[in-house]
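Listed in TrEMBL for this protein:
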type: ACT_SITE; residues: GLU291; note: active site, nucleophile
type: BINDING; residues: TYR114, ASP199, VAL200, ASP201; note: UDP-N-acetyl-alpha-D-galactosamine binding site
type: BINDING; residues: ASP199, ASP201; note: Mn(2+) binding site
type: TRANSMEM; residues: 7-24; note: transmembrane segment
Amino acid sequence: MVLRQSFLIILAFFGMVLCGLIYLNTNQNSCKPQIIEKVITKKNWKLKNFGLRSPVGFVYNQPSALVSRTDVASVTSWLAPIIWEGTFDATLIDFIYKQQNLTIATTVFALGKYTRFLKDFLESAEQHYFVGFRVHYYLFTDHPEEVPEVKMGENHRLIVRKVPSMNRWQDISMGRMEILEKLIKNELASEADYIFCLDVDAKFYGRWGVESLGRLVGVIHPWYFDAPRDKFTYERRPESQAYIPVEEGDYYFTGAAFGGSLEDVHHLTKTCREQMNIDIANSIEALWHEESHLNKYFLHNKPSKLLSPEYLWRDINAWAAQIKVVRFSHVAKNNAEVRPNA
């Protein structure tokens, strides 16, 4: 009798354990659809990652671990490359990246009298900018009827978007961040792999290609590439969200050209837009507007690749020995004549 009772107690105990395991397994399984749903609803950025594959039998110049340019730095202190003429093999990297079937979105703003720069910008871009790759130009203008007819190369196309006119050039400059943020989020997330945001009052004179691609790309300003940080025109007022103390700073980056992957540039534009809105609420405007906020962003979110001033020179700049080729350059202009409130 006692043995039978013990057997029943043991049997009941194992029954309870088995029921508990079944319950836990069922409860865990019920959580799985929620986890899957979260993964599915996450933004699906289109950036490809095939690695840097060199085709079998492809012949190119041997790189050297000993010989390189000695007049410039080709890497930052956080190990990001700085792209100069003589630091890459264009034939090799073009061959590598063409296998990836990339699309490069490129935004340009031409409001008011700035439409006069479109013809030179587009025609020179078609000669030098990502030649042989798929490029979609997104042109924002308040005068779409003034957009010139420019023959686009193979896999290049121009999309024109009308935007409202603005009375201050500062508002045009700062408003770009919000427009770019929305464009990336609403349209480009599944349409492009990389994006560059370029000033229209500039012209291409040399190659701008896949050597410039990276997750987050900044262009070193041509006026300050050889200056100490205390000479940089950062925003120095602590009241501004763009504030950078005199003892801080890496490089001074231009707001006329920047880019990277869609995900990284979306985060950049969103952050800068939010910081500018805080400044507006506090009745303060950073010294160089969105460029000031861009430099603050790059200080704490280091670019993965830097482009030398070859990628944004100025036609009025004196020549510098370090600049072996000018690829993209601001054209000479009368700011007082083209800007609405200069």
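Yeah, the Cβs are placed from backbone N, Cα and C, and that goes for glycine too.
The record assigns TYR114, ASP199, VAL200, ASP201 to the UDP-N-acetyl-alpha-D-galactosamine site; their largest pairwise CA distance measures 10 Å. The distance from the Cα of ASP201 (UDP-N-acetyl-alpha-D-galactosamine binding site) to the Cα of GLU291 (active site, nucleophile) comes to 16 Å. Cβ neighbour count for ASP199 (UDP-N-acetyl-alpha-D-galactosamine binding site) (all protein chains, 10 Å cutoff from its Cβ): 21.
Between the C-alpha atoms of the residue listed as 'active site, nucleophile' and ASP199 (UDP-N-acetyl-alpha-D-galactosamine binding site), the distance comes to 12 Å.
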